[in-house]
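Have a look at the structure below before the remarks.
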Amino acid sequence: MIPRWLLLTLSLLLVWASHPAAAKGNEPNIVTHELDAPPADLFYFHGTNTILYRDRRSLTAHVSFDGGEEWETVKGNDGTIEGTVDLIWRHPFDDNRAYILGENGKHWITTDQAKSWRPFQVDVLPFASMRSFPLEFNGWDPKKVIFMGLDCTILGCLPQTFYTTDDFETVKPLREMTLQCMWAASRPQFALDIDMPKSTGDRILCVVPGLKGPFEHTRTERLIYSDSFFKDDAEGTEAKLDHGKPLSGVSLQIRSVSKYIVARLQSRGTQEQALYVSDDSNVWHRAEFGKHRIEEDAYTILESTNYSIQIDVQTTWQDNRMGSLFSSNSNGTYFTQNIEHTNEDLNGLVDFERVTGIHGITIVNTVKNWEEAKKSDSNKKKLISSISFDDGRTFQPLKADKDELHLHSMTTYAALHEMPLPDHRMFSSPAPGLVMGVGNTGGHLEDYSKGDLYVSDNAGLTWRRALKGPHRYEFGDQGGVITAVLDSSQTDKVQFSIDHGKEWESISLGQKIRPLFLVSTPDSTSLKFLLVGTSSDDTTKTLMFFIDFDGLHERECGSGDLEEWTARLNEKGEPDCLMGQKQFFQRRKANADCFIKKEFAISGPEFQLCKCSAEDFECDYNFVRSEDRKECVPAVPLTPPAGKCKDPSDKYMGPSGWRLIPGNACIREGGEDLEREIERSCSNVTGPPLITDGKPRAGKPQTISAKWTNYFYLERQASNNGVDETIMMLTDKYELHVSRDHGRNWKQIHPDEKFIEMVQHPYFSDTAFFLTDGKRVYYTINHGDSFHFFDAPSVPNKEYIRKLAFHEKFQDSLIWIGHKDCEGKNCRSQAYVTDKRGASWEPMLIGIADGGCNFGYQEGRNNSEKLVICEQYKDEEKNNNRQLVISDDYFSTMEVKFENIARSATKNGFEVVAWYEGDQKEYLNASVSVDGRTYANAHFPFNIKVPQYTVLPSSPHALFLLVMVNGGGERSFGSLVKSNSNGTYFVQSLEGLNVNDRGYTDYDELQGLEGVAIANVVSNREEVLNKGAAKKLRTMITHNDGGQWMLLAPPSKDVDGKNFDCSVTEGKGTEKCALHFHGYTERRDYRDTLYSGSAIGLMLALGNVGEHLTSASEADTYLTRDGGISWTQVKKGQYMWEFGAAGSVIVLVSDRKATKVVHYTLDEGMSWHEFQFAEKELVIDDISTVPSDTSKKFLLWGIDGGKRVIVTLDFSGIWSRDCNDDESDYYNWAPTHPFQEENCIFGHVEEYHRKKPAAECWNAWREPHIHSIGRNCTCTRADFECDYNYEIQTDGSCGLVPGLQPQDHVAQCSQDPDKVEYWEPTGYRRIPQTTCEGGLLLDQDVSKPCPNKEEEYQKKHGISGTGLFFAIVTPIAVAVAVGWYAYTHWDGKFGQIRLGDSGGSQSWLSRDSMLVAVPVALIAGIVAVAQSLPLLVKSLARSSSGLFGRRGMQRPYATRGSFAARRGDYSSVVDDEDELLGADDFDDEEDQA
C-alpha cells in the first residue's frame, strides 16, 4: 500500500508540472536592434514572417525574412535603391507584391515577397491626396495598377496618371488632367454575385475637371469612365449618377467600399452632399438618409460588409462632434439609423470597430451627456461604450462583472498618435473570440492614463481586468499567447499570458523604453512579436525588440485541447443566426498547456443554416423603412397593374416592399416569407396626376395682409436632398413667412418677433438670416425646414453698412457690424467675427466705414481663409479719412493698405479700391489686387479721367469698370473699360455707356454664354454734353467679352408678319435700323434678367426696331434662341417673363395691366398658348420662380383692389416624363460668333446638350450641360482686343490714342520672372479667354529678349550647325514664298489691321487689284532677302540650338484643360539684336499648359 503522504506529494508534483510553461524555466528568445529612426510604412507580407519598413532619415528600406530577428538593407540588383526610398507601398490584395517609390522617377516592384526587386520608370512625382493614393490597385488582377503623379515645372504642378497591366513591365499614360482615378474593380468583392463582362476588369473611373477646365471661377468636376484606358475616346463616358443623367459638382470624389463604389458629390452653393452608390459601376442610386443631411466633411464611411455600407453622419458642428450611425440595405441605397450620438473627433474619425472574423459584432462609443455637449464646447463629452451582436440592430453596454465598462477607441489613439498599423486592429484580431481594450468601469470613460487593460474571450459579451494601467497589446498563436507592454514613458518589461489573459508573466527588456508599437503577423498565428520604442534615456535612440515565444517549448496542441466556440448567442444563451446562418469556431481551450504552432494556417468558421426570419429581409427597391422600422413603405409613387384601380375603393395585389437580403443563406422552406405580394388599396396610390391633359393649373388667388412684400427663394442644388421649393417673405408689417411648396401654403415664423431685414447667404443657397430690431438673429441652414437663433454682440448698425458679411468657404464664419457707444453722441460702428455661426463672437475693429468688412477668402487664393478686408475711419473717428485695412488674425495685428479711399469692392476674384492722391478729390485712382494683399495701380487710358467708376459683372479673366464721363443726372453716361488678366491695365471697350441718376448702367452679362453681354450706349453724346439734349440710346452686343461690339440684328418681320418702319438689312443691325432694348436701369426688380442660366441660348427682352430706343410704352417683346445673334418678335406690348424646367416652358404675363391670362410656350417660342389663371382680372406686377429656372411652378404677384395677392401656376401636368439623355430628346448645340466661321468662340468649338423644341418632355438639367469642348480654332480678329493706349477706330481697327505712345511691353518680363521674350506693341492683345492657335496673330510682330534672358532667348530662337543649309536656302525661299503669299492672300490695307474676319473690304487696295498685288510681291521678296543676309552672319556666329526645336505637328485638343494661349507659333525676321528664323518651343509650352 502506498502511504497517503506519498500520494499527496505525487499529486502536488503533478499540479506543479502542469503549471504554465514559464514556470518550466524556459524564456522567450529576445533580440535587440538599434535603429537610426522609428520604422515607417512597416508591414508584414501576409502568410509569411517577412517584414518591410522604411527609414525616413536614411531613405533606405529594410527587410527581415524571419519575423524581425535579422535585418538587411534593400539595395536592389545594382544598389540604386539604397538612399532613394521615398515611400513603401504594399499591394492590399496580393501577398507577394510591394512597391518602393523612389526619387527622380525611378521605382521598384517585388513580386516574390521582397526576395528580389525590379526597377521601373515613371517620370513624375508620386502623388497622395485626400482623394487618392499614389498607387491604385485592381482587386481582380494584381498586375494592374494606376500610378498617380505630379508633373512639376517652375510654373507649378499638374496631375498626371499612368497605368500598367503587366506589373510595370510597361507603363502608359492614361489621360490628361485627372484629379482622381481608380479601377471599377478596386476590391476583390466588386460586383459580387453579378454577371459582369470581362472588359469590366479594365474599367477605370476618373474624376476630371469640367469641360470648361480646372481654372475657371465656376470650376466643376465630373466622373467619367473607360473600358479601354481612354484610347478610343479621350473624354470617356460620363457616369450617369442621377436617374440616368450625368452630374457635375464643385467637388466630386470616389472610393470603393467592400463590393460597392461610392461617389460623393457637392454642388456649388451648399454644404450638403449627395452620395451615389453602385455595385456594378453602370447603375447608380442616390443614398437616402431620411431627414438627415450629408454635409461637407460631415460623414465617415466605416468598415462595411458585403451586404451593407456603414456610415457615420455628423449631427453637430461645434468642437464637440457627434454623429449617428447608419447601415444601408444591400444595394447601398436606403440607410437606416442604428445608434445616435456616436463620438467623433475634428478629423472625422469615429469610435467604431467591427470584431474581426465574426459577423455582426460591433463596438462603438457614444456620448452620454449629448445634450450638454451640444450646447457648449466647454461641456466635456462623457463617453460610454456599447456593443451590438446583431449587425447594429440593437446595442447593449459592455460588462465587467456587474459594472459597465468603457473602452478607448479610434479618437483616443489618434489623439495619442498611436493608431494601429495597417492590417491590425484596436480591439480584436483573427484569434476567435478574443477582444482587448484599455478603459475603465464606472459612469463614463476616463482619461487614457487612468485606464486598465481588459480582456474578453467571448467576443465582448463579458470582460475582466487583465492588467492595471494602459497597455499596448497583441495576439499570437491564434490567441494562445497574448503580449502586453505598459504604455508609459518608462517601462522595461513585456508581459504575456497563455490562458486568455487570466494569468500573466513578465520578461525583462534590459532597458527602459517608451513603446511605439507592438505587432505580430496580421493573422495572429505566429509566436514571434516585434516591439518598437524609444529609449527612456535617449529619446533620439530607437530600439526594436524581436520576441520569439517558441522559446517556451510548449507542446503542439491536439484535438483534445480544442473547443467548439459559438460566435453569437441570443438573449436565451443559444447560438444566434445572422444572414441566415450560425457561426462556429474551433479554438484552443484557455487552460490548455500547448501552442497551436500552425503559422499562417487559420481554421475558418463553420456555418449552420437557419430558417428564414424577418431579420433576413430588407426593403426592396423604392421602399424604405417606416419610422417604427416594422414595415417597408413606398419611397416613390406606386403604379397599379393595368386595368386596376378604376375606382379609389378598388384593391389590387402588389409588392410587399420586402426582399431577401442578397447573399443571405437562410432556408426558405418552413421559414417566414415577407416577399409575398400583399393586397393594397387603390386609395393609397399616389403619384403624378391621373389626368395629364397638357394644361397648366392655377391655385386660387391668395390675399396677403400687406401693402408690399419682399421675398427670395432658397434654391436647392443638385446635391441637396428633397423636393421642396422654399420662399421666404417679409411684409411691411415686419412679419416673416415661409412657404415650402412654392407659395401654395404659408407659415408665419415667430409671430412675436419684429423682423426688419432678411439676408440671404450669397454662397450657400440653403441658408438665410433674419434680423430683428434687437440683438436676436434667426437663421435657417436647410431651406426653412427648421429655424434657430443666436444673439448678436450688439444691436444692428443704422448707417447703411451691411450688417452681415459671409465667408465663401466656411458657412459658419460671419462678420457682424453693429453699433457701439450709441448712448451718447459718439456712435460708431464695430465689427465682430464668429467661426461658430454666432455661438461666440470676437471683437475686431471700431469705426467701420460704409464699405464695411469682408472675408478675403476666394477659391484659389492661398492662405486666405482668415483674411479680412475692412474700410475704417482713421483713428476710429468719422470726420477722418477712410482707410483700407487688412488682417490675417482677426485684427490682433493689421496692415493699412490705403490711407485715403473713396470705396472698395470685390468682384470675380479682384479686390478693387478707389483712392485719392493727397487732398485732391476731383479724380480717383484705382488699385487692384488678385490675392487681397498685394495691390497694383490700375492704368486707365490716358484720354479717360476718372471722377467716379462702378465695378461691373465680369468674366473671371478680366475686370470691367464703368468710368463716368458725364455726371449730369439723367444725362449721365460713361466709358466701359476692360482690364488685362490681373486687373492692372485697362483699355476702352465701349464708349458712351448709358447711366441713370443713381449710378446704375445698362449692362447685362449673360450667364451661361461666356463672353456675351448687352449694353445700351448714348449715340448723341456731343448733343448731350454741349446742348443738354435728351439721350438717344442704342443697344449693342458683344460675343467676345467686349473685344468687339455690334448693333443687334432686327427680325425681318414682326409677329404679325408685317414690315417694320425702317429698312431691315437681313442678319445685321445698322445705324438706321436695328433692335434696341430697355436695359438694367429701367427694371423694378434687379433680379429680373434677360436670360436663364439653365436655358442655354434663350433670351427675352423688351424693345423696338428703329434708329434709337423709344419709350417703354411703345416696347414689344422679343426672343432669341441663338444667344443674341438673331431675334424674333413674339408678342406686341410689354410682358414679364420667367423660364421654367430649364427652358422647357416660358411664361409671359402682361406687365402691370389688368389681365387674367398668361401665355406660355413649350417649344422655345415657336408657338404660344394662352391659359386663364383667374376668374377676374388682376394687375400683375411680378412673376417669379426658382432662380435656376428649373421648376415647373411659378408665382404671380399682383394687386386686387389695393390688396396684395399671389397666384400659383403649376405646369407639371403637361408632360409626364423627363427627357431621356439621348438623341431622341436632345441635340448638340454650339454657340456661334457673327464674325467667325466654324462655330468658334474664344478660339474653340463648344457644344451643349439642348432639348429639342418638339420633344414632349421636361428638361431635367439644372445647368447647361456641356457636351464637349472640341478642337482649337485658328486665330482671327475676334480673338483680339485693343491694347493699352490704343482705341477702336471708326472703321473697327485699333489705333493709337492721339498724343500717346505705345506701352513698353518689356514690363511684362518683370511681371513674369520666367518669361524669356516679349513682343513689341502692335495695337492688339489677345483676349484672355481665347485658346486659338496660329492663324492671324495680331499681337505678334517683333520679338525681343527679356532683360538678362538673352542666352535663353538664343536657345529658343537660335540656329544650329545642322540647320546651316536651311538657313542659307531659307532667305531665298522666303522671298519667293512671301511674294506669292502676298499676291494670293493679301487682304488688307497698308499699316493697319482691320476689324472683322481676317479679310478686308473689296476695294482698289484689295488683293484683286493688280495695282497692289504685283508691287507687293516684288517688294516683299526683295526686302526679305536684303534683311536676311546680313543677319545671317550674326546668327551663325552665335547659334547653338536647333532651327526647328521640338515643334512637330500640332494636335487637336479634346479638353479645355489642355488648352493654352499659344504664343510664338510663328517667327519673323527681326531687328539686328534678335535671332533669325527663331523656332518657338512648342513642346515646352505644352508641358506647362
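Just so you know, glycine gets a Cβ as well, placed from its N, Cα and C.
Annotated in Swiss-Prot:
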- 1-23: signal peptide (SIGNAL)
- 24-1362: topological domain 'Lumenal' (TOPO_DOM)
- 63-72: repeat 'BNR 1' (REPEAT)
- Asn306: N-linked glycosylation site (CARBOHYD)
- Asn331: N-linked glycosylation site (CARBOHYD)
- 387-396: repeat 'BNR 2' (REPEAT)
- 454-464: repeat 'BNR 3' (REPEAT)
- 495-505: repeat 'BNR 4' (REPEAT)
- Asn684: N-linked glycosylation site (CARBOHYD)
- 738-747: repeat 'BNR 5' (REPEAT)
- Asn862: N-linked glycosylation site (CARBOHYD)
- Asn925: N-linked glycosylation site (CARBOHYD)
- Asn982: N-linked glycosylation site (CARBOHYD)
- 1118-1128: repeat 'BNR 6' (REPEAT)
- 1160-1169: repeat 'BNR 7' (REPEAT)
- Asn1272: N-linked glycosylation site (CARBOHYD)
- 1363-1383: transmembrane segment (TRANSMEM)
- 1384-1410: topological domain 'Cytoplasmic' (TOPO_DOM)
- 1411-1431: transmembrane segment (TRANSMEM)
- 1432-1489: topological domain 'Lumenal' (TOPO_DOM)
Position of peak Cβ density within 10 Å, selected from the glycosylation sites Asn306, Asn925, Asn982, Asn1272: Asn1272
By Cα-Cα distance, the member of glycosylation sites Asn306, Asn331, Asn982, Asn1272 nearest Asn862 (N-linked glycosylation site): Asn982
Surrounding CB atoms that lie within 10 Å of the CB of Asn331 (N-linked glycosylation site), all protein chains: 22
For the repeat 'BNR 4' (495-505), the mean pLDDT of the predicted model: 93
Integer Å distance between the CA atoms belonging to Asn331 (N-linked glycosylation site) and Asn1272 (N-linked glycosylation site): 43
For the repeat 'BNR 1' (63-72), the number of residues DSSP places in helix, strand and coil: 0 helix, 3 strand, 7 coil
Long-range environment of the repeat 'BNR 5' (738-747) - Cβ separation under 8 angstroms, sequence gap at least 6: 699, 702, 724-729, 783-785, 1191, 1193, 1195, 1206, 1208
Cα-nearest neighbour of Asn925 (N-linked glycosylation site) within the listed glycosylation sites, Asn306, Asn331, Asn982: Asn982
Most Cβ pairs under 8 Å with the repeat 'BNR 7' (1160-1169), selected from 63-72, 387-396, 1118-1128: 1118-1128
DSSP-derived helix, strand and coil totals, residue by residue, for the repeat 'BNR 2' (387-396): 0 helix, 3 strand, 7 coil
Structural state census, the repeat 'BNR 6' (1118-1128) (DSSP three-state): 0 helix, 4 strand, 7 coil
Secondary structure content of the repeat 'BNR 4' (495-505), with strand meaning DSSP E or B: 0 helix, 4 strand, 7 coil
Cβ-Cβ under 8 Å with the repeat 'BNR 2' (387-396): same-chain residues at least 6 beyond its ends: 305, 308, 310, 325, 327, 338-339, 359-364, 459-461, 568-569, 576, 578, 615
Between Asn306 (N-linked glycosylation site) and Asn331 (N-linked glycosylation site), the C-alpha gap once rounded to whole angstrom: 10
Rounded inter-Cα distance in Å - Asn331 (N-linked glycosylation site), Asn982 (N-linked glycosylation site): 50
Other CB atoms within 10 A, centred on Asn862 (N-linked glycosylation site): 6
